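Asks: Grabbed the feature section from Swiss-Prot, which reads as follows:
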- ARG48, ARG54: NADP(+) binding site (BINDING)
- ARG125, SER126, SER127, ASN238, ALA239, GLY278, LYS293, PRO294, THR295, SER296, SER297, ARG319: FMN binding site (BINDING)
Amino acid sequence: MAGNTIGQLFRVTTFGESHGLALGCIVDGVPPGIPLTEADLQHDLDRRRPGTSRYTTQRREPDQVKILSGVFDGVTTGTSIGLLIENTDQRSQDYSAIKDVFRPGHADYTYEQKYGLRDYRGGGRSSARETAMRVAAGAIAKKYLAEKFGIEIRGCLTQMGDIPLEIKDWQQVERNPFFCPDADKLDALDELMRALKKEGDSIGAKVTVIASGVPAGLGEPVFDRLDADIAHALMSINAVKGVEIGEGFKVVALRGSQNRDEITAQGFQSNHAGGILGGISSGQHIVAHMALKPTSSITVPGRTINRMGEEVEMITKGRHDPCVGIRAVPIAEAMLAIVLMDHLLRHRAQNADVKTEIPRW
């Protein structure tokens, strides 16, 4: 099974299934001499961890990460870093009734068409449980980017259903279970989630992730454009159905005179491009948005077929998130960090000696 690795110089390979013994990943390309402990990774894992609020799945996993290799005396050695998280709260019996049934809106049908079989326990490899390892690997990248280059990566929920959320206060994001930057909308979000729980339904969401302090020059021409790699990374997250960089699809209604980011002696006067021009970072904030579909794991009856092709009605059992966008915030941060780390190392390898007289802001 291919497709388990992302990155060129900073490479992350994950393994494991939702109801397997453990999840793990190998992180290659981490420079030596970086102070690193399990506690450095645990903070973001706790932000993503299931069972931490009444609004998310009640599967209770401690998600305690173990560093198996690549760190000695508290610093990275430059060799492969092995990370492991044990699964401790599997309830595979919740899925025995669907082993011969394809859940609508899930990867059951496509995985069986591709491989001829599937791990039906919680979706197996297709489960978002796999993203715990991305968050752990991303925490390494976030630490390096912040400490060595002053790059800060922050994400938040910017829409749930038909409730838009303004980025009013970044500190507010860590003070509520929704990763919401708009305190005025917390009651509306709570009301929506209560209604969804009562109805047994789910809702979609929009997550925004922003990187500040990114130097100009990251990204490669044509096929490895920085925005293309960011879109690829974010689209690889479970349930993501759309990605925008900067103004995204809003540019359709704009004129060139409105959309271009004019430059004066004081710097850029706007950031409609989301910090990337021609696939290369401009030195402005990198801004990306992703849309997540409403999960299909709901208790509202739905039509599907079984492996014999017979039509059946099913209700999804188990413990699920009514809005998967909530816990996707630290995942989006991690994926953006992984891409930026990779491109920074690639840029340094080729262009470390490049000097220009062009102003930078």
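Cβ atoms are placed via backbone N, Cα and C, with glycine included.
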Asks: Within 10 angstroms of the C-beta of SER297 (FMN binding site), what count of other C-beta atoms is obtained when all protein chains are considered?
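Replies: Its Cβ shell of radius 10 Å holds 20 other Cβ atoms.
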Asks: If you count the other Cβ atoms within 10 Å of each Cβ, which of the binding-site residues SER127, THR295 comes out on top?
Replies: THR295
Asks: Counting other Cβ atoms within 10 Å, pick out the least crowded of the binding-site residues ARG48, ARG54, ARG125, LYS293.
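Replies: Minimum Cβ neighbour count within 10 Å, taken over the binding-site residues ARG48, ARG54, ARG125, LYS293, occurs at ARG54.
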Asks: Looking only at C-alpha atoms, tell me how far THR295 (FMN binding site) is from ARG48 (NADP(+) binding site), rounded to the nearest Å.
Replies: 17
Asks: What is the interatomic distance between the Cα atoms of SER297 (FMN binding site) and ARG54 (NADP(+) binding site), given in whole Å?
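Replies: With the alpha carbons as reference points, the distance is 17 Å.
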Asks: Just the number: how many Å between the Cα atoms of ALA239 (FMN binding site) and ARG48 (NADP(+) binding site)?
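Replies: Here the two Cα atoms lie 15 Å apart.
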Asks: So, three-state DSSP: helix, strand or coil for ARG48 (NADP(+) binding site)?
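Replies: For ARG48 (NADP(+) binding site) - judged by DSSP and reduced to three states - the answer is helix.
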Asks: Give the three-state DSSP assignment (helix, strand or coil) for THR295 (FMN binding site).
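Replies: The three-state answer is coil.
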Asks: What count of other C-beta atoms do you get within 10 angstroms of the C-beta of ALA239 (FMN binding site), across all chains shown?
Replies: 20
Asks: Between SER127 (FMN binding site) and ARG48 (NADP(+) binding site), find the distance joining the two CA atoms and give it rounded to the nearest Å.
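Replies: With distance taken Cα to Cα, ARG48 (NADP(+) binding site) is 14 Å from SER127 (FMN binding site).
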Asks: Could you measure between ARG48 (NADP(+) binding site) and ARG125 (FMN binding site) for me? Cα positions, answer in whole angstrom.
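Replies: On Cα coordinates alone, these residues lie 18 Å apart.
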